[in-house]
Amino acid sequence: MSTPGAQEVLFRTGIAAVNSTNHLRVYFQDSHGSIRESLYESGWANGTAKNVIAKAKLGTPLAATSKELKNIRVYSLTEDNVLQEAAYDSGSGWYNGALAGAKFTVAPYSRIGSVFLAGTNALQLRIYAQKTDNTIQEYMWNGDGWKEGTNLGVALPGTGIGVTCWRYTDYDGPSIRVWFQTDNLKLVQRAYDPHTGWFKELTTIFDKAPPRCAIAATNFNPGKSSIYMRIYFVNSDNTIWQVCWDHGQGYHDKRTITPVIQGSEIAIISWEGPELRLYFQNGTYVSAISEWSWARHGSQLGRRALPPAE
């Protein structure tokens, strides 16, 4: 059975999440096309019609990034498939960001990935989306207007896009990793490091995934040329799978995590510990967003249904 609150959540909604340690924000689309925010501050709240931050085309992809929740950016598509930005800055609240004014039109089936560049106090952003020629395009904000960045090459039409960013303690700039799916259904990585720029090679992390499966990624504990990454995707068994990158081991440990509805979107956040929180739809109240939690003592389902579902 559903609940009145769950019925407000779009089935197969885009999902995005940001955090500052265990202060959490989750974004989703309601059945009328509005983007809402649910939050966790020692308890779950919001997610109602009073917590709308933007309006987007129905079925829009969602991506979000933040700097300690002082600056939050949430990305979606307009009815005309133009990239748009809902922006929050502490002290000024929510407003429409400058991105829509740049008029970057993407493929109607594009997904979105987004990151603030790590290791700098400056507000520098990178967005990844799929153009109508099916290439993955980077869009950059360095404080002086939105511009096109590097083109990462052709991907499967409608591919999921995962992205994460950190700064190694011994590097003088940010590192970026982007994951997407190729026409042969492999899940692949493109890598950027400050001393090399974008690596030309594609690194395969999974040989065959369902076409257009959702992809999400996070990292934790950046150190001296060392990083820990977790990449998630929805596999053909309708469960979320996790692929681990651990320092000294590379990619290893590919396993199923938790069941979801077919075609569920996913979002992942992490913080020191490490602590991981994964958001998805698994059929609870039909369309509620649910949470999976990982900490040192093990993994379990977290909140069964985020507000407004219950």
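From the backbone N, Cα and C atoms, a Cβ is placed for every residue, glycine too.
Straight from Swiss-Prot, the features:
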type    : residues         : note
REPEAT  : 1-53             : repeat '1'
REGION  : 1-310            : region '6 X approximate tandem repeats'
BINDING : R25, E37, W94    : beta-L-fucose 1 binding site
BINDING : W44, R277, E291  : beta-L-fucose 6 binding site
REPEAT  : 54-103           : repeat '2'
BINDING : R73, E85, W146   : beta-L-fucose 2 binding site
REPEAT  : 104-151          : repeat '3'
BINDING : R126, E138, W198 : beta-L-fucose 3 binding site
REPEAT  : 152-209          : repeat '4'
BINDING : R177, Q189       : beta-L-fucose 4 binding site
REPEAT  : 210-256          : repeat '5'
BINDING : R230, Q242       : beta-L-fucose 5 binding site
REPEAT  : 257-310          : repeat '6'
What does the structure give for the C-alpha distance between R73 (beta-L-fucose 2 binding site) and R25 (beta-L-fucose 1 binding site)? Integer Å is fine. 11
Just give me the nearest neighbour of E138 (beta-L-fucose 3 binding site) among the binding-site residues W44, W146, Q189, Cα to Cα. W146
Using a 10 Å radius on the Cβ of R277 (beta-L-fucose 6 binding site), the other Cβ atoms enclosed count 23
Given the binding-site residues R25, E85, R126, W198, find the one whose Cα is closest in space to the Cα of E291 (beta-L-fucose 6 binding site). R25
For W44 (beta-L-fucose 6 binding site), the spatially nearest of the binding-site residues R126, W146, R230, using Cα atoms, is R230
Other residues near the beta-L-fucose 1 site, CB within 8 A of the CB centroid of R25, E37, W94? Y27, L39, N51, I53, I72, V74, A86, Y88
In terms of DSSP three-state secondary structure, what is the assignment for R230 (beta-L-fucose 5 binding site)? strand
Counting only pairs 6 or more apart in sequence, are there at least 3 Cβ pairs under 8 Å between the repeat '6' (257-310) and the repeat '3' (104-151)? no
Rounded to the nearest angstrom, how far is the Cα of E85 (beta-L-fucose 2 binding site) from the Cα of R126 (beta-L-fucose 3 binding site)? 12
Just counting, how many other CB atoms are there within 10 A of the CB of R25 (beta-L-fucose 1 binding site)? 23
Per 10 Å Cβ neighbour count, which of the binding-site residues W44, W94, W146, W198 ranks highest? W146
Going along the chain, which residues six or more apart from R177 (beta-L-fucose 4 binding site) have their CB under 8 A from its CB? V163, T164, C165, Q189, R190, A191, Y192, A217, N219, M229
